[in-house]
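Chemist: First the structure, which I've put down as structure tokens, then a few questions once you've had a look.
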Amino acid sequence: MDVRTLAVGKAHLEALLATRKMTLEHLQDVRHDATQVYFDGLEHLQNVAQYLAIPLSEFFVGQTQSDLDDGVKIARRNGGFKREEIRGGVHYYTYEHLVTTNQDPGLMALRLDLHSDDEQPLRLNGGHGSREIVYVTRGAVRVRWVGDNDELKEDVLNEGDSIFILPNVPHSFTNHVGGAKSEIIAINYG
């Protein structure tokens, strides 16, 4: 290992990435083994921290400057991270980050285009460690989740409807009408 190389625990970095709906595959130029992820010096790690909008101090004890400009940060259309979510061969979502800031790393706002409907097999996520509020901005959305008795629940949300989901509740959103495209805004926090 080079003297300049910085190591961050792999599980810790994966947890940070999960708050951004990302995986190690979404980072370029990082090496890793079973337990560590290696960065080519502090500048490399700072660039990754800035890209994720997560304070450098979340990676290790240190200081980071605010990414706000006079108390605000603006994210422009098509300027943020975007990825496709494929579950078991089914194209479920296109995730697009809304504004992220290192001043509130536990907050993740996403715009999602829904691609699946009842024609594809149901694929719930495994739940996640954050609370979630979802608002339907376009279309009609079928939401499914696992209830308290491990029973599959479902409902339909129309444009303007919203839902709150506790941490670790497996859930999924699909288009309610086959062939129609829906859009949701998801706010994950805490």
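Each residue, glycine too, has its Cβ placed from N, Cα and C.
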Chemist: Out of Arg87, Arg142, which one does Swiss-Prot list together with Tyr95, Asn125, Gly126, Gly127, His128, Glu132 for substrate?
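Modeler: Given Tyr95, Asn125, Gly126, Gly127, His128, Glu132 bind substrate in Swiss-Prot, the matching entry from Arg87, Arg142 is Arg87.
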Chemist: Of the residues His44, His91, His171, His176, only one is listed by Swiss-Prot in the Fe cation site with His128, Glu132. Which is it?
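Modeler: Looking through His44, His91, His171, His176, the residue Swiss-Prot assigns to the Fe cation site is His171.
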Chemist: From 20-40, 104-124, which range did Swiss-Prot mark with DNA-binding region?
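Modeler: In Swiss-Prot, residues 20-40 carry the label DNA-binding region.
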Chemist: Give, as a single whole number between 0 and 100, the mean pLDDT over the DNA-binding region (20-40).
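Modeler: Across the DNA-binding region (20-40), the average pLDDT comes out at 92.
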Chemist: Are there residues at least 6 beyond the ends of the DNA-binding region (20-40) whose Cβ is under 8 Å from a Cβ of it, and what are they?
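Modeler: For the DNA-binding region (20-40), the nonlocal Cβ contacts are 1-2, 4-11, 13-14, 48, 52-54, 81, 83, 95, 97, 100, 108, 110.
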Chemist: Going by DSSP assignments with H, G and I as helix and E and B as strand, what are the residue counts for the DNA-binding region (20-40)?
Modeler: 3 helix, 6 strand, 12 coil
Chemist: Which whole-number value in Å describes the distance between the Cα atoms of Glu132 (substrate binding site) and His171 (Fe cation binding site)?
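Modeler: Rounded to a whole number, the Cα-Cα distance is 11 Å.
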Chemist: Please report the Cα separation of Asn125 (substrate binding site) and His171 (Fe cation binding site) in Å, rounded to an integer.
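Modeler: About 6 Å separates the two Cα atoms.
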